[in-house]
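Enquirer: The structure that follows is given in the form of structure tokens.
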Amino acid sequence: MNCSISGEVPEEPVVSKQSGLLFEKRLIERHISDYAKCPVTGEPLTMDDIVPIKAGKIVKPRPVQAASIPGMIGMFQNEWDSLMLSNFSLEQQLHNARQELSHALYQHDAACRVIARLKKERDEARYLLAEADERQRSISGATGNAVHAPALSNGRRAAEEEDLGPDAKRARPGISTDTIAELTDCNLELSQQRKKRTIPSTLASIEDLERYTQISSYPLHKTNKPGILSFDIHYSKDIIATGGIDTNAVVFDRSSGQIVSTLSGHSKKVTSIKIVPQDDSLVITTSADKTVRLWQGSEDGNYDCKQVLREHTAEVQAVTVHATNKYFVTASLDDSWCFYDLSSGRCLTQVTDSSGSEGYTSAAFHPDGLILGTGTTDAVVKIWDVKTQVNVAKFDGHTGPVTAMSFSENGYFLATAAHDGVKLWDLRKLKNFRSFPSPDPDTPTNYVDFDHSGSYLAVASSDIRVYQVASVKSEWNCIKTLPDLSGTGKATCAKFGPDAKYIAVGSSDRNLRIFGLPGDDVAPES
């Protein structure tokens with residue numbers, strides 16, 4: 001007798017009192033719990049209506065095919081055929097799934113290319129629109145004044161018009177062979193000089209540095225938007241140029257303690273500033289307003305905006321001047337750096353990295369001029385060959401954006417700063433050989449700077465620390481810790497003066513502070 005549900009001989013037979021039908025116990029119990037009725041007649045049924053049947057152990061009869069060897073071989077053959085058919089069906093399903101996945105990936109790649117092209121066209125349209133607007137303002141100003149002046153005193157004139165390529169973009173002529181030859185000659189000359197380099201006898205001693213204290217403080221920027229983000233020092237004339245959050249740059253004569261000129265024109269904070277050493281009357285500023293400005297000093301001491309450069313499409317974070325004093329590089333959060341001719345203000349080449357970094361936050365030329373270092377938002381330090389614009393090395397290991405970098409005068413060491421502190425890199429072996437953690441884990445290290453002789457290293461974070469430069473294997477001793485006297489707990493930049501006779505410090509307030517030997521201040525505090 002067979003089960004009325006499965007049609008097979010039941011292992012635990014039970015019978016219904018109402019219908020007299022035979023069932024497998026486990027099957028009828030599940031059916032009653034789900035439906036509470038007979039699966040055959042449809043009448044209401046409960047477990048009380050089920051009566052177990054006592055029977056001997058049931059032995060299932062052997063299939064007819066298994067009664068002989070030929071039958072068993074045929075049964076195995078049928079099972080094998082069924083398995084092969086099932087495997088073939090699975091292979092077909094896998095092939096179809098792979099085709100669908102390949103098609104989906106192709107569509108995704110095509111969509112990404114379309115999005116990238118649209119973004120590029122959008123950026124080009126924004127650039128052309130901004131350029132047209134600037135030209136219109138320039139033409140309107142020239143018509144109103146009836147004078148074609150070379151620059152406006154408020155620094156808002158647009159850059160001089162450049163030739164456009166066939167795709168309506170600024171032509172990038174590239175770094176010419178003559179320029180490369182000039183860079184190479186400069187490299188050879190400086191390399192030869194470096195071999196004969198000696199530490200100047202006028203350099204401040206370690207004993208002097210240990211006695212440094214604040215000797216003067218100058219309020220250079222506005223009180224409503226305090227903060228000095230960057231500054232540079234012209235060593236021979238002791239002139240300091242600062243860039244602030246208040247959108248202004250200030251040229252300051254330290255020897256007299258007087259402000260020479262205030263450079264107004266940027267619409268957002270000034271992120272970086274450089275004085276061209278060969279011409280102290282030429283200053284370069286970069287800003288969060290995506291522009292680079294060249295400022296030319298005049299005989300009356302005022303600085304006028306000579307050019308506004310708009311190659312970048314995001315915040316311009318850094319500027320560095322080449323050793324020839326004829327070229328400079330800017331780095332931006334738009335993931336590109338630009339190589340400019342200083343005399344014309346023309347961008348010779350714009351290098352974009354395809355590795356997927358989120359932008360550049362710092363940049364510095366090697367003292368010999370053929371190597372460029374850049375720091376990124378994703379904590380990577382990249383070393384570039386300037387002649388070929390090829391990334392030749394990468395240094396990992398930092399945490400947070402690389403905020404600053406400085407090459408040692410001996411050409412062997414690179415110091416980089418980030419949220420986790422300072423790392424020292426040996427450029428000969430391309431590896432990190434020493435690290436200085438940030439003194440306050442909540443305050444990033446904002447600045448790092450070798451002095452001009454390569455004997456000392458200054459680090460700006462929650463305080464200012466001065467280290468004695470040593471070799472790779474020797475210990476770099478901290479010889480002086482200067483407090484941040486701004487009350488903000490954040491020193492933004494620190495730089496050595498001529499022969500390390502003083503240390504200039506910028507903080508998150510509006511004051512430029514000078515640390516040196518007591519009694520060495522040359523002007524009263526402002």
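Glycine too: its Cβ is placed from the backbone N, Cα and C atoms.
TrEMBL does not curate its annotations; it predicts them automatically.
Checked TrEMBL, it gives:
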DOMAIN    1-70  domain 'U-box'
REGION    140-176  region 'Disordered'
REPEAT    263-296  repeat 'WD'
REPEAT    309-350  repeat 'WD'
REPEAT    353-394  repeat 'WD'
REPEAT    395-435  repeat 'WD'
Enquirer: With a Cβ cut-off under 8 Å, give me the same-chain residues at least six positions beyond the ends of the repeat 'WD' (263-296) that come close to it.
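Expert: Residues 151, 154-156, 227, 229-237, 239, 241-251, 303-321, 325, 328, 330, 332, 340, 342, 345 contact the repeat 'WD' (263-296) from elsewhere in the chain.
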Enquirer: According to DSSP, how is the repeat 'WD' (395-435) divided among helix, strand and coil residues?
Expert: 0 helix, 22 strand, 19 coil
Enquirer: DSSP helix, strand and coil counts for the repeat 'WD' (353-394)?
Expert: 0 helix, 22 strand, 20 coil
Enquirer: What is the average pLDDT across the repeat 'WD' (353-394)?
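Expert: Summarising the repeat 'WD' (353-394) by its mean pLDDT gives 89.
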